[in-house]
4 protein chains.
Amino acid sequence: MGPADDKPHEECGVFGAYDPAGNDVAPAIYYGLFALQHRGQESCGIAVGDTLGPRRILLHKDMGLVSEVFNEERLQKLGGNIGVGHVRYSTAGDSSPQNAQPLVLNYIKGTLCIAHNGNLVNAVELRRELELSGSIFQTSADTEVIAYHIARERLNAKSAEEAVASAMQKISGAYSLIVMSPRKLIGVRDPMGFRPLCIGKRDSTYFLASESCALDAVGAEFVRDVAPGEIVTITETGIFSEFPREKATTAHCIFEYIYFARPDSIIDGIGVYESRVRAGRELARQHPVEADLVVGVPESGNDAALGFSLESGIPYGKAFVKNNYVGRTFIKPTQLERESSVRIKLNALKKVVCGKRIVMIDDSIVRGTTCAQIVSLLREAGATEVHVRISSPPFKHPCYFGTDIPTGGQLIANRHNEQEICTLIGADSLGYLSVKSLSEIIQGRLSCCDACFSGKYPVARPKH
Amino acid sequence: MGPADDKPHEECGVFGAYDPAGNDVAPAIYYGLFALQHRGQESCGIAVGDTLGPRRILLHKDMGLVSEVFNEERLQKLGGNIGVGHVRYSTAGDSSPQNAQPLVLNYIKGTLCIAHNGNLVNAVELRRELELSGSIFQTSADTEVIAYHIARERLNAKSAEEAVASAMQKISGAYSLIVMSPRKLIGVRDPMGFRPLCIGKRDSTYFLASESCALDAVGAEFVRDVAPGEIVTITETGIFSEFPREKATTAHCIFEYIYFARPDSIIDGIGVYESRVRAGRELARQHPVEADLVVGVPESGNDAALGFSLESGIPYGKAFVKNNYVGRTFIKPTQLERESSVRIKLNALKKVVCGKRIVMIDDSIVRGTTCAQIVSLLREAGATEVHVRISSPPFKHPCYFGTDIPTGGQLIANRHNEQEICTLIGADSLGYLSVKSLSEIIQGRLSCCDACFSGKYPVARPKH
Amino acid sequence: MGPADDKPHEECGVFGAYDPAGNDVAPAIYYGLFALQHRGQESCGIAVGDTLGPRRILLHKDMGLVSEVFNEERLQKLGGNIGVGHVRYSTAGDSSPQNAQPLVLNYIKGTLCIAHNGNLVNAVELRRELELSGSIFQTSADTEVIAYHIARERLNAKSAEEAVASAMQKISGAYSLIVMSPRKLIGVRDPMGFRPLCIGKRDSTYFLASESCALDAVGAEFVRDVAPGEIVTITETGIFSEFPREKATTAHCIFEYIYFARPDSIIDGIGVYESRVRAGRELARQHPVEADLVVGVPESGNDAALGFSLESGIPYGKAFVKNNYVGRTFIKPTQLERESSVRIKLNALKKVVCGKRIVMIDDSIVRGTTCAQIVSLLREAGATEVHVRISSPPFKHPCYFGTDIPTGGQLIANRHNEQEICTLIGADSLGYLSVKSLSEIIQGRLSCCDACFSGKYPVARPKH
Amino acid sequence: MGPADDKPHEECGVFGAYDPAGNDVAPAIYYGLFALQHRGQESCGIAVGDTLGPRRILLHKDMGLVSEVFNEERLQKLGGNIGVGHVRYSTAGDSSPQNAQPLVLNYIKGTLCIAHNGNLVNAVELRRELELSGSIFQTSADTEVIAYHIARERLNAKSAEEAVASAMQKISGAYSLIVMSPRKLIGVRDPMGFRPLCIGKRDSTYFLASESCALDAVGAEFVRDVAPGEIVTITETGIFSEFPREKATTAHCIFEYIYFARPDSIIDGIGVYESRVRAGRELARQHPVEADLVVGVPESGNDAALGFSLESGIPYGKAFVKNNYVGRTFIKPTQLERESSVRIKLNALKKVVCGKRIVMIDDSIVRGTTCAQIVSLLREAGATEVHVRISSPPFKHPCYFGTDIPTGGQLIANRHNEQEICTLIGADSLGYLSVKSLSEIIQGRLSCCDACFSGKYPVARPKH
């Protein structure tokens with residue numbers, strides 16, 4: 001639904017491709033980004049090189065969706081067999097064309113291209129240090145800080161990947177990177193593996209992608225995830241792997257499974273769709289209720305609703321129809337009419353809902369206002385009871401690792417307990433998944449970051 | 001998914017509003033059209049008058065979606081308390097700005113505005129007759145023929161509605177019309193009631209809409225359907241009704257329930273969503289199969305899939321994830337890549353599908369190519385069996401009543417029997433809903449047109 | 001300078017082309033319209049047929065300049081060897097896409113295309129008559145009235161040109177028309193020849209154009225002017241001419257020579273540039289003054305200034321530099337700044353002007369405000385005296401023949417005598433060309449309409 | 001005429017404004033840039049700060065003309081009382097949004113904005129040096145090199161202007177800079193004064209502008225030129241001046257007077273218009289000819305033509321009409337038609353030219369093709385003789401100081417002597433202004449760079 005909705009947002013998606021056989025990769029990157037569009041709708045870009053030709057990198061990036069920024073003519077101009085793409089979401093503050101990625105830069109060894117998903121926790125300190133030696137910054141993105149470190153390390157490094165490895169000793173936080181030189185594609189994931197990154201292959205072409213759904217979109221096979229702390233270098237000869245830093249406990253973002261990732265992605269071995277169904281099942285176990293129908297808030301609540309139904313035996317149904325044409329240029333009703341924005345986006349199926357006790361499943365509550373409006377839609381449609389179940393714990397703490405979860409004051413769970421929230425949203429009962437049972441989502445198989453729920457941050461929070 | 005998909009398309013949606021209290025109606029029409037966008041994505045327009053001011057009609061129409069054609073500035077310029085909106089889909093042949101609606105015309109009695117959903121069967125003859133008396137036509141739409149008849153009848157009629165009534169004696173076929181003079185709003189439905197049209201009210205404002213979901217979108221109450229053959233005239237004093245022609249057997253379009261209408265609409269007393277669930281249930285009774293999972297082809301097959309699951313007891317699940325960002329400006333893979341367009345739009349959930357016997361529900365098969373690709377997606381994802389069930393009978397005959405169902409030659413069911421189709425789409429079994437059981441969809445309560453399935457046309461087909 | 005300036009405007013330009021040899025004519029029409037852009041900047045359009053193929057007409061028209069509305073892709077889609085183009089200027093009231101031309105219509109004999117430059121004086125009566133027989137109008141342009149008459153006459157006529165001839169018996173006023181059937185190109189000029197129209201040829205291609213400068217632009221030779229009252233029909237076999245109405249005294253628009261036409265055009269045998277130089281010479285004879293420098297107000301005053309200089313012996317110079325980038329999207333200073341709009345568009349050359357007695361030549365004064373600002377620019381630049389000379393008589397009367405000269409109240413010469421105007425614009429002296437000496441402009445060789453100056457209208461003014 | 005013409009191009013224009021009284025300066029910058037549009041049509045931008053508010057800089061820049069990139073909404077968002085604007089022309093190679101200016105950067109002391117007109121001769125060496133210390137470059141413009149030097153010097157400098165002064169010790173070549181900190185506006189001109197820069201004032205607001213015509217456009221008074229080698233710092237308290245480097249012989253670009261600058265500008269005390277008239281006079285003295293008419297090639301040849309006429313006594317006239325609607329989106333005839341591009345842009349006035357001996361004046365010949373086509377236009381129009389006179393010497397050498405004069409091979413004068421050129425362009429005689437008499441243009445009052453004619457470069461040419 002775009003930035004106007006009441007959900008946290010992933011801040012980026014990355015996609016890289018390299019075909020040593022020499023075919024153009026821009027079309028595949030276009031479709032890859034297209035499959036990752038849910039990770040960022042503000043700006044996007046594609047940069048391509050030609051490993052068999054001159055050492056130049058062509059770039060096109062702009063504000064807008066992938067389908068708006070690129071057309072056939074633009075793609076055809078991006079000729080080359082190696083390339084990187086990026087989609088970006090951003091909070092209002094730094095929504096500017098200057099921040100669009102990939103970042104293409106010239107440095108001592110030629111040209112380099114970087115696309116980044118994540119957020120550094122020591123960016124302010126690193127930036128300060130760089131400035132003290134006379135560096136200038138043209139964007140407000142952490143990516144530029146990373147770029148500087150790679151460029152500086154490159155002075156003494158034998159290769160781009162060695163420079164990346166050295167840079168990793170300095171930067172701290174969440175980063176899934178694709179770095180492209182005119183001859184190589186390098187994939188990097190921070191030692192804790194906050195953000196996903198995986199490898200795919202189709203015929204002679206290698207791919208790097210934020211999520212496996214993008215590999216499916218281009219007909220590539222999933223090879224494996226890039227491991228936390230790993231640098232993979234893809235050259236004409238194949239894939240090389242190294243782990244420049246000692247092993248750390250991983251801190252995969254649990255929210256990728258709850259909401260961010262596309263349900264058809266498999267991240268670090270765990271299917272996103274199944275995680276959501278499991279979360280719904282666990283929710284049914286923790287917060288059972290007598291009711292006639294389980295419904296999801298489209299579209300993010302549907303999968304957990306199915307799980308809740310399977311576990312509870314209460315029939316699964318559809319209570320809402322979503323208007324598929326709500327886009328960024330849509331005029332919001334607050335600007336023109338007294339009607340709520342929710343009513344334009346969602347309509348309740350009166351005949352389904354009327355006279356029924358409803359279990360309404362959503363993946364999260366952020367500010368609470370949208371949730372209250374949806375509960376109210378059900379009541380107006382004749383629901384006799386509305387029991388809200390949330391397939392994640394209450395949101396209480398900000399995220400410093402590449403999402404835009406709002407600061408404490410705006411989070412309803414930060415200022416109210418569950419009973420109060422239940423009253424505020426007008427529900428008959430409210431149940432959240434407990435922090436303890438989060439591991440149900442990933443079947444206890446991964447070590448995750450749940451700081452937004454628990455307040456326990458896997459690395460020191462930024463000082464500034 | 002827009003014109004690129006393999007579905008028949010409704011050709012229009014209409015929405016009218018009149019507030020005797022004097023408030024601007026353009027914002028409500030904007031949201032009304034927005035809720036009817038699924039009925040036409042090619043062009044749209046809004047015309048407004050001011051019953052309390054000068055007898056002028058302001059118009060803005062253009063190619064594009066409602067959210068593209070209108071912005072706040074444009075809406076603000078459309079000041080007035082009475083208005084009509086239109087969304088239009090059209091086949092490639094006459095896709096031109098000249099055909100966008102509403103049509104605003106000057107005639108002997110001043111200004112008139114017409115918005116039309118449907119298709120006349122005697123348009124060619126009427127056009128010929130008019131031309132023989134020196135008339136000129138600037139569009140290829142039937143609407144202009146209707147406009148001429150109203151204008152001519154108006155010469156001897158006491159009122160616009162009387163002229164409309166006289167015109168109804170001449171025109172034949174499918175027409176749900178909204179006619180606006182600078183002082184009145186008139187709703188008309190053809191004697192057989194092919195296309196839907198209903199009345200709503202919110203405070204002092206009256207509405208006319210193709211579907212009730214548009215009334216919900218503007219917070220209006222559903223008052224009633226316009227009856228087949230009825231003319232309703234909305235003036236300052238209220239709603240007046242008349243039936244200028246003798247009663248006929250109705251021929252409501254059954255395909256509105258199967259696919260065209262939005263699931264949250266209630267048309268002629270029958271809920272669209274429930275019809276689809278019932279169709280799924282009947283399908284399960286007619287074509288039972290042993291399987292592990294029932295899945296719908298998003299999004300139109302999901303409701304019938306739920307019905308099939310409820311009736312058969314086979315669990316309902318999700319097998320596909322749809323890319324929500326596919327729009328009109330999207331570059332189709334055939335132009336750039338070897339991958340199928342379907343793969344970009346849909347991805348199968350491998351972990352859900354793998355090793356399972358799948359019942360795949362869709363609402364219809366037109367050309368068959370898309371269906372075959374989706375079956376193949378399931379097989380690649382590891383489905384052991386794929387049983388296709390279609391919640392309508394085989395499509396065999398063209399439609400002359402306002403949809404773009406392709407001509408016989410392109411329809412797979414026209415050239416092949418069910419067994420052959422099953423083989424062509426690569427399914428393990430295939431079952432269509434029988435023509436006989438169509439009445440299950442509308443619970444036997446309405447007399448419908450099922451000519452596209454049965455070949456029995458309720459009125460004589462066009463001669464040209 | 002666009003509609004923001006203080007000049008009267010021509011309302012249209014037309015251009016037609018037909019190549020019996022079968023080559024596409026859209027590119028030539030593009031360049032032809034481009035050369036006629038000064039005659040209308042609001043909307044434009046091109047319609048093409050194919051005399052060797054099916055009887056269809058393709059059309060593209062939209063709001064905007066020729067270079068904005070058409071691009072290579074659009075032009076390539078307009079394949080065909082016969083075609084008509086139109087550029088349109090319009091007053092604010094009816095500035096709408098509906099009024100863009102050419103008008104393409106279907107009627108009893110198939111398809112017809114009309115492009116019109118001019119204005120009928122009996123349009124209201126004719127429209128009323130047509131409406132009384134049930135006609136509907138979709139535009140506010142006279143062109144639609146003409147179209148109806150041709151369509152009606154065509155019922156009993158043997159050919160399109162015969163129908164045009166019959167229609168000419170009904171319509172009265174100013175009309176230079178290009179009518180295109182899928183097989184023929186017809187040029188028509190009203191019996192008084194208000195608006196220009198001429199014929200050109202290049203290899204096998206025939207052209208019709210509002211002005212000869214458009215023939216030059218496409219490398220065509222000027223063949224001759226279409227005569228007042230003449231119909232020329234261009235077919236595969238050649239050009240046929242007929243004069244369906246008795247001869248009348250001509251009333252060529254004198255203002256084409258003074259301001260409307262491009263200086264490189266030759267209209268009815270008189271060069272536009274030479275006319276302006278002669279007007280300047282006559283002005284020098286009628287209103288001599290002692291001064292140091294003669295300057296023109298760019299660009300329309302420059303030619304007469306040269307004539308004034310040649311006659312008076314006072315040196316010709318440049319006093320103003322014009323900003324060539326002022327376009328329609330330019331933000332006017334009144335909206336943002338206290339500065340006058342004139343200062344942004346024109347700058348005085350201080351070193352040239354300072355200390356000099358200046359004769360400032362312009363072609364006309366409409367409201368007077370712009371003229372006052374320009375005089376003031378000269379004074380600020382240090383001119384010791386500013387003597388304004390206008391190369392036409394005072395504007396006092398509205399035009400009903402296809403221009404947008406404002407109504408009486410807004411014309412400074414309508415409310416003030418020359419002495420008052422001189423004071424109002426802040427000049428040291430003011431001299432207009434006398435109505436009597438207008439014939440100097442066209443060397444006394446044509447009978448012209450000078451109603452805007454003299455109030456003597458060559459046909460009865462419109463009753464409504 | 002845009003990049004399609006056959007003229008050298010200035011590469012940039014800069015404009016700054018600061019109003020200590022607190023009024024928004026963006027509107028004035030808009031009009032200032034608008035007046036400088038001739039110096040660069042590819043991209044433009046405006047950056048503003050607020051000396052009375054937080055230390056932030058707002059920026060908007062994009063590809064396109066000033067009137068395309070900015071609208072009222074955009075300008076209103078650029079609130080602030082201090083600001084810098086830039087217009088840029090660029091050669092095809094580095095035509096990219098990344099290179100648009102102003103450049104806004106963050107560095108050790110906060111935020112800085114730089115706009116640059118010119119070209120460094122040691123940019124490659126400086127860039128290499130910077131890269132060796134780990135710097136990264138995101139554009140291909142010299143401006144980024146300058147930015148780095150200012151940022152580095154700022155580490156040890158007491159103020160931004162001191163840092164600028166130190167940076168001037170390193171950079172060599174042509175640079176007129178406007179540097180803006182959130183509190184100050186700094187104007188800098190290189191020690192040789194290649195590119196112009198001047199100071200203006202209107203009420204409480206100070207301005208810096210590439211040319212004085214931009215001061216006129218905003219109603220500001222010309223205060224003085226920034227001197228070669230001078231740094232002027234404008235703060236709340238007033239203007240401070242310093243000369244950090246020893247005096248050098250100036251090398252003002254002579255081509256500003258011949259072609260680049262707008263005729264209404266006064267640069268370093270010399271009026272541009274007068275220079276061109278003087279060049280025409282000198283040309284008449286050096287290359288007299290018997291003829292009937294002196295004409296200029298619009299628009300750049302007109303002023304010298306007037307001078308030639310005044311000196312020779314041969315009457316001045318107009319031989320060409322220029323189409324004012326040729327813009328960047330115009331489809332060039334080579335793409336569509338056999339006609340020459342020149343014919344679309346220029347048309348000869350046959351009645352003026354026919355039978356006459358013409359002296360045709362232009363300011364320069366670059367490749368020679370356009371000149372040949374214009375001579376040919378005159379011959380076709382009936383000129384009996386065409387004598388070409390060029391108000392500058394033959395172009396033979398590339399420029400390294402901020403213009404895009406093509407490299408030697410493409411310059412006709414580089415491969416041919418005057419007699420050959422005369423033959424190639426089809427003229428009866430040809431005369432160039434001699435290098436020696438260039439000083440006539442600036443009345444011998446300035447020391448200028450004439451390297452493009454003489455090959456004598458005032459500083460060492462770039463090594464790379």
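Glycine residues also receive a Cβ, built from the backbone N, Cα and C atoms like all the rest.
A C-beta separation below 8 Å, combined with a sequence spacing of at least six in one chain, links D:Cys12 (active site, nucleophile) to D:Arg39, D:Gly40, D:His86, D:Val87, D:Arg88, D:Tyr89, D:Gln101, D:Ala115, D:His116, D:Asn117, D:Gly118, D:Ser210, D:Gly402. According to TrEMBL, the active site, nucleophile annotation covers D:Cys12.
For D:Cys253 ([4Fe-4S] cluster binding site), the same-chain residues lying six or more positions away in sequence with a CB closer than 8 A to its CB are D:Ala174, D:Phe194, D:Arg195, D:Phe260, D:Phe401, D:Gly402, D:Thr403, D:Cys448, D:Cys449. Marked as [4Fe-4S] cluster binding site by TrEMBL: D:Cys253, D:Cys399, D:Cys449, D:Cys452.
Per TrEMBL, Mg(2+) binding site is recorded for D:Ser300, D:Asp362, D:Asp363. Spatially close to D:Ser300 (Mg(2+) binding site) yet at least six residues away along the chain are D:Lys7, D:Tyr259, D:Asp362, D:Asp363, judged by Cβ distances under 8 angstroms. D:Ser300 (Mg(2+) binding site) falls within neither a helix nor a strand when secondary structure is assigned with DSSP, and so counts as coil.
Mean per-residue pLDDT, taken over the domain 'Glutamine amidotransferase type-2' (D:12-237), amounts to 93. Residues or ranges marked as domain 'Glutamine amidotransferase type-2' by TrEMBL: D:12-237.
Take the binding-site residues D:Cys399, D:Cys449, D:Cys452: by the count of other Cβ atoms within 10 Å of each Cβ, the lowest one is D:Cys399. In this structure, D:Cys253 ([4Fe-4S] cluster binding site) is part of a beta strand by DSSP. Excluding the listed site residues D:Ser300, D:Asp362, D:Asp363, the same chain places D:Lys7, D:Ile258, D:Tyr259, D:Gly296, D:Val297, D:Gly301, D:Ala304, D:Ile361, D:Ser364, D:Ile390, D:Ser391 with Cβ atoms within 8 Å of the centre of the Mg(2+) site Cβ atoms.
In the structure as shown, the Cβ atom of D:Asp363 (Mg(2+) binding site) sits within 10 Å of 24 other Cβ atoms. Annotated [4Fe-4S] cluster site D:Cys253, D:Cys399, D:Cys449, D:Cys452; additional same-chain residues within 8 Å of its Cβ mean position, judged by their own Cβ, are D:Phe194, D:Ile254, D:Phe255, D:Phe401, D:Thr403, D:Ile405, D:Asp450, D:Ala451. Around the Cβ of D:Asp362 (Mg(2+) binding site), a 10 Å sphere holds 23 further Cβ atoms from the protein chains shown.
When secondary structure is read from DSSP and collapsed to three states, D:Cys452 ([4Fe-4S] cluster binding site) falls in the helix class.
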